[in-house]
Structure formats: structure tokens, C-alpha cells
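Heads up: the structure comes next, in C-alpha cells.
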Amino acid sequence: MSPGKALAFLIVFIVPALMPAAAWLGTASGRPDLMAWFPLFFLFVLLPAADYALGHDPVNVPPEREREVALRPWFRALTLACLPVQLAVLAWSAHWFANAGFGPAGLAGWLLSQGVVGGILAINTAHELIHKDGRLEPAVGGLLLASVGYHGFKVEHVRGHHVHVSTPEDASSARFGQSLWHFLPRALWRNTLNAWRLEAARLRGLGLPALHWRNEMVGWTAAWLAMAAAMTAWLGPAGLAFFLLQGLFAAGSLEIINYIEHYGLERRRGADGRYERTTHLHSWNSDYALSNLLLFQLQRHSDHHAFPKRRYAILRHRADSPQLPGGYAAMFVLALVPQLWRRVVDPRVRAFHAARDSVPA
């Protein structure tokens with residue numbers, strides 16, 4: 001990997017800067033309610049346009065250099081640095097929310113903007129960290145997730161989603177023809193419940209009750225409640241409302257990305273009733289350069305599911321994986337309108353399954 005690309009991953013920190021930028025624009029223009037929506041305009045209008053303009057990056061780190069690149073402290077440090085930045089922007093954003101004098105439109109825009117910022121800075125970064133060995137990176141990932149109240153993702157994603165991906169058992173794998181609005185509430189609810197079930201089952205295997213201090217969900221829920229209590233003590237009911245709603249919107253943005261990542265893809269079931277092994281054929285891939293830098297190469301998702309512990313810097317573009325027609329930011333907007341989504345994506349699903357002799361009904 002070139003030094004330039006390694007440094008370019010710093011653009012992730014543009015994302016938290018969008019919140020103070022929106023506040024400054026609102027103050028300077030005298031239109032705070034309108035400018036509360038600026039982060040969303042940046043991420044879902046300007047970013048897709050820049051993505052298309054800058055084009056693709058299908059270049060992979062040569063296999064003989066993967067270990068050396070993966071072990072560079074720089075790539076680990078970038079993800080760990082997201083925790084203090086997330087906590088700082090969350091606190092600053094909460095204070096602005098409580099004191100800026102927003103009208104209803106401004107309140108909605110600010111909450112949605114912070115939710116998407118948290119979805120990128122907290123959840124996307126945590127997604128990278130919770131797959132790693134050792135204690136530090138998974139712990140930082142858990143704290144990031146607690147800051148948006150979706151700490152169940154730490155348990156369910158690794159031990160649920162990665163086991164059942166692209167099967168009916170996975171709430172984060174959208175079926176062919178399923179609309180986002182049918183998928184989203186079920187994914188949020190079922191994944192949260194499944195995280196508790198997985199931990200209860202693990203503790204039963206240890207001869208312990210479900211509500212035990214060794215239950216990860218108990219510990220991370222306590223961390224989330226402590227953050228909520230601190231926000232309430234500092235800013236009152238407005239602080240609590242902000243903390244809860246930004247977390248809901250952050251979790252929602254994650255599940256919209258899950259919808260995009262696995263829509264319509266299926267693992268075949270053998271005569272013995274077992275599903276085929278998960279490979280790079282069971283996730284959508286995108287090689288748009290700019291959005292991949294912004295998202296720690298999450299869009300090379302096909303390779304991530306084939307090799308979950310692989311560090312983001314060495315994830316591979318897989319040309320034989322199903323390919324999205326745009327980066328995640330563009331596909332996010334498209335998914336919000338089911339008719340447009342199906343018009344664009346369904347033919348790609350059919351073509352991919354036809355190539356594998358498995359067309360979904």
C-alpha cells in the first residue's frame with residue numbers, strides 16, 4: 001500500500017467535523033434549522049458525486065506484503081483514535097442540540113445528522129475492532145457501540161450474523177424483494193434480542209445464570225446507562241432525548257447498510273440440510289475509492305465475510321463477487337425508495353443467481 005493511501009484513511013475524521021461545520025454554517029447564515037441538515041447533504045449528495053468523479057480502486061495489497069501491512073501500528077491507531085473523537089463530538093453535539101434554539105426541522109436534522117455520524121464513526125469503526133483478537137480492540141469497539149446504544153452488535157454480529165449470513169436465520173440479511181421498511185424494524189429488534197439469547201446460551205454452557213456479571217450484554221448495557229445518566233445530569237431531559245434518539249438513528253443507519261450488503265444473496269442448502277460455507281459470493285462488493293477510504297474499506301465486504309479477522313487495510317477487492325453499481329452512500333439513498341432500489345438492484349441479483357444456476361423466486 002502506498003504511503004498516500006495509508007494517510008488517506010484520515011479522511012474518516014471529516015465525518016465528526018461535519019457537526020461543528022453545520023453549527024458554524026447555521027450561525028453564519030442565520031439559518032440554523034436548514035444547516036442542521038448539512039452533514040446529510042455532504043454525506044448523501046456531495047460524497048456520492050465525488051465518489052463517481054474519482055472512480056474505482058480495485059488494487060489489492062500483494063499477498064506477500066499483507067502481513068507486513070496488517071501489522072503496521074498506523075492502521076490500528078486510526079481505529080482506536082475514533083473512540084475519543086466519537087465521545088468528544090457526541091458531547092459537543094448534545095450541548096449544541098440543547099442550547100442552539102432549533103425549531104422542529106432543525107431538531108430533526110441535527111438528530112439524524114448525528115445519528116449518521118455515529119453510524120460511521122462509532123459503529124463502522126467498532127465493526128472493524130470487534131473482530132480482532134486480544135482485549136483492547138474489542139473493548140474499544142464495545143465502548144463505541146455503547147455510545148450509540150447498539151452494544152448488542154458486539155455479540156450478535158460476530159456470533160450471529162457471521163454464522164447465519166445470507167440465510168433466513170439472519171435478521172441482517174435482506175431477502176430478495178424485501179423492502180427496506182419491512183426489513184429495518186425487524187433487524188433492529190431481532191438482533192437486539194438475539195444478542196441477549198446468545199449470551200444467555202453461552203453462560204448456560206458455563207453453568208451460570210443469564211443475569212450474571214460475566215454476561216457481556218449486562219456490562220455493555222451498564223456502560224450505556226452510565227452514559228445516558230451522565231448526559232441527563234449534564235443537560236437534563238434534552239440531553240437524554242438527544243442521546244437516545246441519536247443512538248436509534250445510528251443503529252438504523254447500520255442496518256440500512258446491512259440491507260445493502262446482503263440483499264437477495266443466498267447460501268445454498270445441501271441435501272443434509274446444512275448451508276454451504278460463507279464465501280465472498282454472499283456479500284455485495286463495491287470498489288469506489290473515496291467511500292472505501294471513508295469507511296475503512298467496509299465496502300470490500302465480500303472479502304470481510306470470507307476472512308472476518310482480516311484488517312481493513314488488506315481487505316481485497318473481489319471482481320467475481322456481486323458488484324454494487326455505486327458506493328454505500330449512493331446505495332443508502334436508493335434503498336430508501338424501494339421501487340427505485342428494486343429497479344436498479346433486482347436485475348443484478350437475478351443475473352448473479354442465474355450465473356450460479358439459482359434464481360430466487
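Quick reminder: no glycine exception, Cβ is built from N, Cα and C everywhere.
Predicted, not measured: the structure shown is a model, and the values here were computed from it.
TrEMBL lists 35-54 (among others) with the feature transmembrane segment. Long-range neighbours of the transmembrane segment (35-54) within the same chain, counting only residues 6 or more positions beyond its ends whose Cβ lies under 8 Å from a Cβ of the stretch, are 15, 18-19, 21-23, 25-26, 29, 102, 105-110, 112-114, 116-117, 120, 288-291, 294, 326-327, 329-330, 332-333.
Sequence annotations record features per position, and here TrEMBL assigns transmembrane segment to 74-95 (among others).
Taken from TrEMBL, the feature transmembrane segment covers 107-126 (among others).
Summarising the annotation, TrEMBL assigns domain 'Fatty acid desaturase' to 109-332.
Annotated transmembrane segment per TrEMBL: 217-235 (among others), in sequence order.
Within the chain carrying the transmembrane segment (217-235), a Cβ under 8 angstroms from the stretch's Cβ atoms is held by residues 94-95, 98, 142-143, 145-147, 149, 151-152, 154-155, 195-196, 199, 211, 242-244, all 6 or more beyond its ends.
On the 0 to 100 pLDDT scale, the model's mean across the domain 'Fatty acid desaturase' (109-332) is 97.
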